[in-house]
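Lifted from TrEMBL, the feature list:
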type	residues	note
BINDING	Gly87, Trp88, Ala89, Gly90, Thr91, Gly92, Lys93, Asn94	ATP binding site
DOMAIN	257-312	domain 'Torsin-1A C-terminal'
Amino acid sequence: ALEPLSVGLALGVASALTGYLSHPRFYCSYVECCPRAGQRLNASALKAQLDDRLFGQHLAKDVVLKAVLGFSNNPSPKKPLMLSLHGWAGTGKNFLSQILAEQVHPAGLRSKFVHLFLATLHFPHHDQVKLYKEQLQNWIRGNVSACPSSVFIFDEMDKMHPGVIDAIKPFLDYYEEVDGVSYRKAIFIFLSNAGGDLINKAALDFWTSGKRREDIQLKDLEPLLSVGVFNNKNSGLWHSSIIDRNLIDYFVPFLPLEQRHVKMCVRAEMTARGYAVDEDIVQAVADEMTYFPKEQKIYSDKGCKTVQAKLDIHEDL
């Protein structure tokens, strides 16, 4: 028979071990966990990532940095954070959303708490709008219930069927709870090419008038974007109640990229591949891009979108 002291000691050790293994810090070192309530973003880390990886977008950097940090530092936000990113392809919208997702959930787009929706993949059929709206509501409700700080990214908003996105309007509004679930800690991000022409025209007007690109302010573009996107029949936000109710916190413009920004993208890609930066190759790749307007050739018409593919041609060099 076991001595009472031995039994007590064994039970004590087992209890302590069970407590250690079940401790959140230990558990979350092996399994991804939702961030704890009150956990804040690392401001310096987010700023460093934006400075190092996003080029030519002083407005987007400034607006998103302030908006996200203000939201993160608020212990009791009145609504979820809602950002709508606009600009031509290759200007950095996807890049910024990935950086932000990584700062909230280190696994980024691989995180079970970060959800990416592609309009042409997840909502392809016009005659299924009602079904999509129901599925979207159920998906968001279930995931926010599991993790209040979930991140939802909706790409290709310019290809979204009008009406689908209005399904999430109740979750974006100023409600403490909806059916027992609070959405106030969640982040919603829209990515769209809609409004890109308006942004490009404003940037070109600044250039023509001799003003610096960096002098463009949010107030110069945000009103144009909100009205332009709302009235754009080729946008998923056409006559959307989300805009009508002023639930988008910021319309974030992404400016067209100049050749100097394309070169920054080339250098960053060469460094990421482990190459020494060769300025002859940098110039060669930048020269292979096409620019507009046709006469002045100021802005890359594809941003940095094809930099990787063009650099592949020069790999043997």
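Residue numbering: from 1, along the chain as shown.
For all residues, glycine too, the Cβ spot is worked out from N, Cα and C.
Bear in mind that TrEMBL entries carry predicted annotations, made automatically and left uncurated.
Note that the coordinates shown come from a computational prediction; the quantities given were computed from them, not determined experimentally.
Around the Cβ of Ala89 (ATP binding site), the number of neighbouring Cβ atoms within 10 Å comes to 15. Taking the Cβ of Asn94 (ATP binding site) as centre and 10 Å as the limit, one finds 17 other Cβ atoms among all the protein chains shown.
Taking the mean position of the Cβ atoms of Gly87, Trp88, Ala89, Gly90, Thr91, Gly92, Lys93, Asn94 as the ATP site, the remaining residues of that chain whose Cβ falls within 8 Å of it are Phe95, Asn193, Phe254, Gly303, Lys305. Model confidence over the domain 'Torsin-1A C-terminal' (257-312) stands at 95, taken as the mean pLDDT rounded to a whole number. Of all the binding-site residues listed here (Gly90, Gly92), it is Gly90 whose C-beta has the fewest other C-beta atoms within 10 angstroms. The number of other CB atoms found within 10 A of the CB of Gly87 (ATP binding site), across every protein chain shown, is 28. Here the binding-site residues are Trp88, Thr91, Lys93, and the one ringed by the most other CB atoms within 10 angstroms is Thr91. For the domain 'Torsin-1A C-terminal' (257-312), the number of residues in each DSSP class (helix H, G, I; strand E, B; coil) is 30 helix, 5 strand, 21 coil.
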